Each structure stands twice: as C-alpha cells, then as structure tokens.
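Pulled from TrEMBL:
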- B:Lys198: active site, proton donor (ACT_SITE)
- B:Leu2, B:Gly3, B:Cys4, B:Gly5, B:Ser6, B:Val7, B:Gly8, B:Ser9: NADP(+) binding site (BINDING)
- B:Glu183: L-homoserine binding site (BINDING)
- B:347-420: domain 'ACT' (DOMAIN)
Protein chains: 2
Amino acid sequence: MLGCGSVGSQVVRLLGEQADDLAARVGARVELAGVAVRRLDAPREVDVPADLLTTDAAALVARDDVDLVIEVIGGIEPARSLILSALENGASVVTANKALLAEDGPTLFEAAEKAGRDLYYEAAVAGAIPILRPLRESLAGDRVTRVLGIVNGTTNFILDKMDTSGAGFADALEEAQALGYAEADPTADVEGFDAAAKAAILASLAFHSRVTAADVHREGITDVSAGDVRSAREMGSVVKLLAIAELRPTPEGDDAVSVRVHPAMIPRSHPLASVREAYNAVFVESEAAGQLMFYGPGAGGSPTASAVLGDLVTVARNHRQGTRGVGESAYADRAVLPMGETRTRYHVAIDVDDRAGVLAAVAQAFAEQGVSIQTVRQEGRGNDAQLVVVSHEATDAALAATVDKLRDMEIVREVTSVMRVEGTEE
Amino acid sequence: MLGCGSVGSQVVRLLGEQADDLAARVGARVELAGVAVRRLDAPREVDVPADLLTTDAAALVARDDVDLVIEVIGGIEPARSLILSALENGASVVTANKALLAEDGPTLFEAAEKAGRDLYYEAAVAGAIPILRPLRESLAGDRVTRVLGIVNGTTNFILDKMDTSGAGFADALEEAQALGYAEADPTADVEGFDAAAKAAILASLAFHSRVTAADVHREGITDVSAGDVRSAREMGSVVKLLAIAELRPTPEGDDAVSVRVHPAMIPRSHPLASVREAYNAVFVESEAAGQLMFYGPGAGGSPTASAVLGDLVTVARNHRQGTRGVGESAYADRAVLPMGETRTRYHVAIDVDDRAGVLAAVAQAFAEQGVSIQTVRQEGRGNDAQLVVVSHEATDAALAATVDKLRDMEIVREVTSVMRVEGTEE
C-alpha cells in the first residue's frame with residue numbers, strides 16, 4: 001500500500017478486522033506486504049506493524065512478492081510513476097486517485113493493458129457509492145445518455161447550508177471549514193476542480209471514450225450568491241454543483257460528449273434535489289433502464305476504504321484465476337462538444353425600470369439570439385421591477401450572448417442572477 | 001433465449017439495435033441462436049425472424065452452438081429443468097427468475113459450479129437497478145449489516161396512492177389494475193410473495209449464506225387500512241412494504257439473519273420514504289461504507305432487459321476469456337432468526353374509554369411483556385380517547401403478545417392500527 005492517511009488507515013484496519021471474510025471471498029488470504037509512508041513516525045489512526053512501514057515506495061512496488069498495489073497517496077507525482085512501475089513489475093493496481101486518472105488515465109490504462117494486469121478505481125468517484133462498476137458492467141448492455149452527479153461533498157454542504165439558512169457563500173464556507181467539511185485551502189472543491197476530475201472519469205466510462213480533465217468545462221460555486229439561492233427557491237428549485245456528462249448531437253448529427261461542471265438550478269422534485277449536507281449522488285439516464293440513482297457518502301476514510309477493498313477482492317480473485325476484469329473501453333471515441341455549442345437552459349433575473357415596453361425589449365434581446373423563452377415572471381417594486389426569465393434550450397453561446405446584451409441595455413439596471421437550469425426539459 | 005414476452009421482446013430489440021456496441025464491449029459479436037416460445041404465431045412486441053423461433057426449448061438449450069442461455073419464462077418449471085440442462089450442456093445462463101432462485105437457488109448454483117459456467121441474475125431483483133452486482137462485488141470488502149428494500153412496484157404504487165389520496169386498499173388496488181400496475185390476480189404482489197423472493201436473494205448475497213423463500217417471514221398489504229396510513233401520516237411517517245434483511249445477534253451472541261417482508265412505517269425523512277409510484281429502491285447499510293441507496297424502475301420490459309443485457313456482456317466476456325465471474329458465496333452459513341425472536345418496534349393505535357387509570361393499564365400491558373415505550377400520544381374525543389403508542393425495540397413475539405393482551409382488555413374498545421416501525425432507532 002502506498003500512503004497511510006485517512007483512507008489508508010481504514011484499509012489497514014479493515015484488512016485486519018475482516019481478514020477471514022476477505023479470505024473466504026477471495027479464496028486466499030490477503031496479506032499486507034508493506035506500507036510506504038513519508039514519515040515513519042507520523043501519527044496514524046491505526047497501528048501499523050513497524051516492520052511493514054517503509055519510506056522507500058519505489059522499492060516496495062518493485063518487490064517480487066507483491067501481487068497488488070493500493071495507491072492512496074493522491075496527486076500526480078510520485079503516484080503516477082509508482083503505479084506505472086507496479087504494473088510493469090506485474091502487480092495489479094487499485095487506486096483512489098481521481099486527479100491522476102482524469103489528467104492522465106490513458107497512460108495508466110495502456111500500461112495495465114500492456115502488462116495484462118488490472119487497474120481498478122471505484123474509490124476515485126463518489127467514495128463508497130458503487131457507481132463505476134455499475135456504469136462499466138451493469139449497464140454494459142444499455143446505452144447511457146446522461147449522467148448528472150453531485151460528486152463533491154464540500155460544495156454540496158455549502159450550497160445546502162446556503163439554501164436552508166439563507167447564508168452567503170463566505171459564511172457557509174466558514175461553517176464548512178469549522179466542521180471539517182472544507183479544507184483550509186478550499187480551492188480544489190469550491191472551484192470545481194475535484195468535481196471536474198470525477199466528471200471526466202464518469203464521461204469516459206459512460207460513453208466509452210477518452211475524456212480528460214482538460215475536456216471538462218468547469219465553473220465553481222464561489223460566485224453563487226444568496227440572491228441566486230433565493231431566486232431558485234422562489235421557482236421551486238435548488239442550486240447544486242453538478243457534474244454533467246451527456247450525449248448531445250453535433251451540428252453534423254453525430255453523438256458527441258458534453259462534459260461540464262457548474263452550478264445549476266434543479267427542481268425540488270428531482271431526486272438529486274434532496275441530497276443534503278455532504279452526501280453524494282449520481283443520477284444516470286439510459287435508453288433501456290430509464291432513470292437510476294446511486295446515493296451515499298462521497299468521502300471519508302472508512303467509506304472510501306470500503307470501495308478500495310471491494311476492488312481489492314475483485315482484483316485478487318482475478319489474480320488467482322489468472323484473468324483480468326474489464327479494461328479501458330474507449331472504442332466509441334466520441335468527440336467532446338465545446339461548451340458554447342452545448343444546448344443548455346438559463347434562468348436570468350434582471351432588475352429593470354418599471355415602465356411600458358421593458359418586457360418587449362427584454363424579450364427582443366432573447367429573440368435576437370434565437371433563444372425562445374419558456375416562462376417570464378414580472379414583479380413590480382415601486383420604480384423598478386424584477387423580471388425572471390427561464391429559457392428553453394439553446395446553445396450556451398447564444399444564451400451567454402443574450403445575457404451580455406441584457407447587461408448593456410439601458411433599461412436593465414442589473415442582471416442579478418444568471419444560472420443554468422437542469423433536470424427538467426429534454 | 002427461452003421466452004419472448006415483454007422482457008424477451010426488449011432483449012431481442014436491444015440485441016439488434018445495439019449489436020455494434022455489444023460487439024465492441026464483449027469483444028465478439030453476439031448472435032441470437034434461437035428463441036423458444038409456447039406459440040409460434042403469438043403476437044409479439046418485436047419481429048423475431050421466423051427461422052429463429054421454436055417451440056422446442058429442450059432442443060434449443062441442448063444445441064452445441066449455444067454458449068449462453070437467457071431464461072425469461074419465469075416460474076419454477078420448465079424453467080428449472082431447462083436451466084439445469086443448459087448448464088450441463090456447457091452453456092452459461094442469465095436469468096430474471098426470482099421465484100426459481102428464491103425457491104431452489106442452491107440447486108442452480110451447484111449445477112453452475114459443477115459445470116464451471118456462469119449463472120447471472122441481476123434482473124431478478126429490482127429490475128434495472130444494479131443492486132446484486134454492487135452487493136456481491138462492490139461491497140465484497142465490507143460488512144453489510146442491513147438491506148431495506150422497496151422491491152415491488154405494484155404495492156408501492158398502491159401504498160403511495162393510499163398516502164396521497166387517502167383511498168382505502170381496495171380502491172387503490174383497482175386504480176393500480178386500471179393503470180396496468182397490478183395484475184388481474186394481484187396475489188403474488190399484494191400478499192408479498194414477489195417481495196419475499198427478492199428478500200431471500202438479497203439476504204443470500206448480503207450475508208454470504210443460503211436463504212430461501214421459505215426462510216422469509218411474509219406479510220402482505222391487504223390488511224393495511226386508510227386508518228393505518230393516516231396514523232402514519234400523523235406521526236410524520238409513511239407506510240411502505242419493505243423487504244428487510246439484517247444481521248441480528250442471537251441470544252447466544254452469534255450473528256443470525258433476520259429476513260422478512262411486511263408493511264412498516266418509516267419516517268418521511270428516510271431516503272426510502274420519497275420513493276413514489278411504482279419505483280423501487282434498495283437501501284444498504286454496511287460497516288465501512290455507511291448508508292447507500294440504489295433507486296430506479298423496478299420492473300418493465302425495457303428496464304429488465306437492460307439488466308439482462310448487462311449480465312450478458314459480462315458472461316459473454318468471461319466465456320471468451322475462458323473464465324467465470326463470482327459464483328455463489330455461502331461460506332458464512334448463518335442461521336435464520338425466527339420472526340418471534342427478531343427485535344422490532346411497534347406502532348399501536350388504540351381506542352380506549354376516556355377515564356382515569358386507562359393509560360396506566362395500557363402501560364402495564366407493555367411492561368408485563370418487557371416492552372419499553374418510546375412515545376405515547378393521547379387524544380380525548382368525548383367519551384373515548386385514542387392512544388398511540390410507539391415502542392422501543394423488543395422481540396416481535398413480546399410485541400405481538402402485548403397487542404393480544406390489549407385486545408382482551410375491557411377498557412380497550414378497539415386496537416385500530418398495529419404496524420412495525422423501521423428506519424429509525426438502532
């Protein structure tokens with residue numbers, strides 16, 4: 001095992017406590033050969049026998065008697081080099097490393113293929129929730145068309161707090177940090193980098209194509225205001241940070257992959273709307289199965305260790321049988337649709353002068369971009385009025401251009417909220 | 001393929017429409033060798049080439065060129081004989097037959113083991129929802145302690161209707177029949193036989209033990225009254241037909257399996273409470289992963305076909321690799337706890353005379369059986385009063401004896417509602 005932080009410690013604990021069950025399920029005892037750590041004397045949640053600890057990770061993965069390497073260091077290097085070296089040496093690998101898989105998955109998959117070994121990574125997306133195996137095995141006979149996921153617990157906690165208490169982003173973040181749901185430097189979570197890595201992994205599996213973090217359009221939640229959340233509430237919706245991967249027709253009529261992470265309003269009746277606090281959930285739409293949802297804890301040492309050990313049992317059983325599980329499946333090789341060409345829907349709230357012709361002018365701004373309007377709500381407030389417009393689907397570029405135009409119009413005092421809408425209209 | 005009803009027709013359709021994708025995912029083209037039906041000229045949802053249809057199922061499964069048999073006939077015979085014959089002839093089997101698996105699973109598993117072939121059955125429980133594979137593979141490194149499932153769409157539709165409209169059972173059943181959610185003879189659904197079969201399958205997988213339909217304590221929903229549903233609503237709960245499989249300590253301190261199907265009140269805040277209409281969901285608690293939920297359509301030709309084809313891809317891939325997937329895992333060999341010894345909680349509503357000493361007498365009836373009370377709500381209504389008691393956990397036998405005693409008491413006019421409570425107290 002490489003790394004012994006909160007996930008690694010729980011893996012060690014479970015390997016000990018459930019040794020007999022694991023042996024019965026694998027068909028052979030699983031023995032911890034060594035644990036590579038940065039500092040031998042660091043405090044740990046679990047007692048690791050001193051003779052198993054080493055600071056020489058490279059030597060550990062090169063050992064002849066190691067059949068399987070669990071990588072729970074995280075980050076790009078040295079994780080990548082160690083995984084590649086483990087595969088070259090004939091070991092299979094179980095990893096929880098979403099950042100590495102999203103950045104450079106194909107290199108790892110090719111190395112696993114070449115070595116004839118397994119590379120499993122259920123723990124990399126949505127912690128304990130079994131989602132990768134259902135996507136790549138249970139739904140292998142179906143055609144997945146869309147995956148909508150709440151895959152980052154920190155941002156869901158913050159947005160849930162803003163929804164229930166009316167707090168602004170800064171206050172909700174502070175509370176999340178105080179409770180241990182957000183890190184001191186929350187950038188990876190609140191700017192959507194973590195969710196984007198998971199979106200890339202989900203898109204790759206769902207659509208049998210290579211999708212990397214660089215393909216993901218990414219917007220975080222730092223600009224989500226108390227007003228946005230209130231505006232969502234007024235229309236029976238809630239704001240969630242969604243990882244979205246869907247098949248969308250290109251102008252040429254092929255299926256391309258749209259993959260993105262951004263805050264969006266979804267109706268409160270949508271199954272994802274009731275995902276509270278730091279929980280995760282992944283909603284999958286497919287041609288034959290219809291709508292499925294997978295829900296559970298998306299992080300934490302013990303849940304993530306559960307996913308690691310599930311992979312370990314499979315990989316160890318494959319090893320004993322001299323076989324491999326499903327490798328990378330990228331045969332479909334679909335293109336990624338640029339965000340501007342992706343069809344989305346916008347919710348736009350605008351403060352305007354309350355006088356005749358205003359609604360007509362605003363409607364004209366939408367029409368000029370070919371955007372059709374689904375609903376408009378107008379509310380007078382003395383001299384000014386608030387207009388809330390929800391569009392039908394249009395290209396994201398046309399919707400963004402419409403908002404730019406609105407901001408420039410003299411009768412528009414302020415565009416107070418702009419947010420995409422998901423989970424309703426096809 | 002054996003059978004070509006609503007599931008079989010959709011399997012044929014998808015085998016055709018997704019042939020290229022299936023070929024890429026399996027690594028070889030999947031060719032339909034034949035379809036055994038009862039009548040060659042029966043109307044079907046899909047066109048099957050006439051030369052593929054046969055009425056001789058036994059000859060079809062005996063053919064040398066058949067590598068894989070899909071059984072979607074249902075029922076015990078001739079499905080069992082055909083599956084056994086297919087395995088003996090060296091074919092692997094994918095089946096959706098919950099009744100057969102729950103009644104005689106071990107015979108099938110042993111035949112598959114002996115033949116060195118696969119027997120997969122994801123479609124047998126909760127239609128398209130991937131739940132068996134997560135239980136037997138994703139959670140193989142964890143210790144599952146409880147499975148709570150809404151696994152019968154018909155009864156969930158009826159109970160949901162009773163909850164939302166206040167209708168009684170008979171009216172709700174009639175509506176379900178009119179909409180095609182219930183069959184003309186609804187016995188298998190409303191008496192809980194269908195859910196009990198699924199409970200046995202879930203318990204076997206979750207606890208690595210052999211559990212058959214005969215082990216499942218079964219109560220249907222025909223006695224659930226509008227009053228029960230109202231009483232649940234008044235305490236912030238909802239009535240659901242639950243399939244429950246859990247590890248419970250025996251008096252000797254071992255872990256035994258409690259497996260049962262009965263209506264129960266669960267709090268509206270529980271994730272299962274929001275499962276509406278004919279949807280299914282399975283809630284899983286495990287030591288390391290915590291609480292997980294799997295949600296989706298639990299029946300229907302196309303969703304069930306999705307599960308069949310997911311298994312088909314895995315089994316076909318195994319066949320090509322000359323390997324097998326996970327077979328039966330029954331090493332833990334746990335005993336099944338009799339219902340009377342299982343610890344449950346009761347909600348009891350009683351009409352009593354409204355006079356001094358009544359509450360004391362009722363409380364005494366609980367105390368005599370060693371049952372401790374969690375909450376009591378009393379409501380005067382002129383001469384009489386209604387008492388609603390929710391107990392703490394006690395053995396089901398002690399709770400049942402308490403209710404019998406209450407019915408015999410002179411001050412008790414009527415026990416108006418008795419129902420178990422799930423999803424709260426540990």
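Including glycine, each Cβ sits where the backbone N, Cα and C put it.
Summed and averaged per residue, pLDDT over the domain 'ACT' (B:347-420) gives 93. The CA atom of B:Gly8 (NADP(+) binding site) is located 20 Å away from the CA atom of B:Lys198 (active site, proton donor). For the recorded site, the residue listed as 'L-homoserine binding site', the DSSP three-state label reads coil. Taking the C-alpha positions, the distance from B:Ser6 (NADP(+) binding site) to the residue listed as 'L-homoserine binding site' comes to 14 Å. Those same-chain residues not listed among B:Leu2, B:Gly3, B:Cys4, B:Gly5, B:Ser6, B:Val7, B:Gly8, B:Ser9 yet with C-beta within 8 angstroms of the centroid of the NADP(+) site C-beta atoms are B:Met1, B:Gln10, B:Val11, B:Val72, B:Ile73, B:Gly301. Cβ contacts within 10 Å of B:Lys198 (active site, proton donor), excluding its own Cβ and spanning all protein chains shown: 28. For the pair formed by B:Cys4 (NADP(+) binding site) and B:Glu183 (L-homoserine binding site), distance between Cα atoms is given as 19 Å, rounded to the nearest Å. Neighbour counts of Cβ atoms within 10 Å were compared for the binding-site residues B:Gly5, B:Gly8, and the top value is held by B:Gly8. A straight line from the CA of B:Gly5 (NADP(+) binding site) to the CA of B:Glu183 (L-homoserine binding site) spans 15 Å.
Taking only the Cα positions, the spacing between the residue listed as 'L-homoserine binding site' and B:Val7 (NADP(+) binding site) is 16 angstrom. DSSP classifies B:Cys4 (NADP(+) binding site) as coil under the three-state reduction.
Neighbour counts of Cβ atoms within 10 Å were compared across the binding-site residues B:Leu2, B:Glu183; the minimum falls on B:Glu183. For the binding-site residues listed here (B:Ser6, B:Ser9), the lowest count of other CB atoms within 10 A around the CB belongs to B:Ser6.
With respect to their backbone Cα atoms, B:Ser9 (NADP(+) binding site) and B:Lys198 (active site, proton donor) stand 23 Å from each other. Spatially close to B:Val7 (NADP(+) binding site) yet at least six residues away along the chain are B:Val72, B:Ala96, B:Ala123, B:Gly301, B:Thr304, B:Ala305, B:Val308, judged by Cβ distances under 8 angstroms.
Across the domain 'ACT' (B:347-420), DSSP classifies residues as 24 helix, 35 strand, 15 coil.
Between the C-alpha atoms of B:Gly3 (NADP(+) binding site) and the residue listed as 'active site, proton donor', the distance comes to 21 Å.
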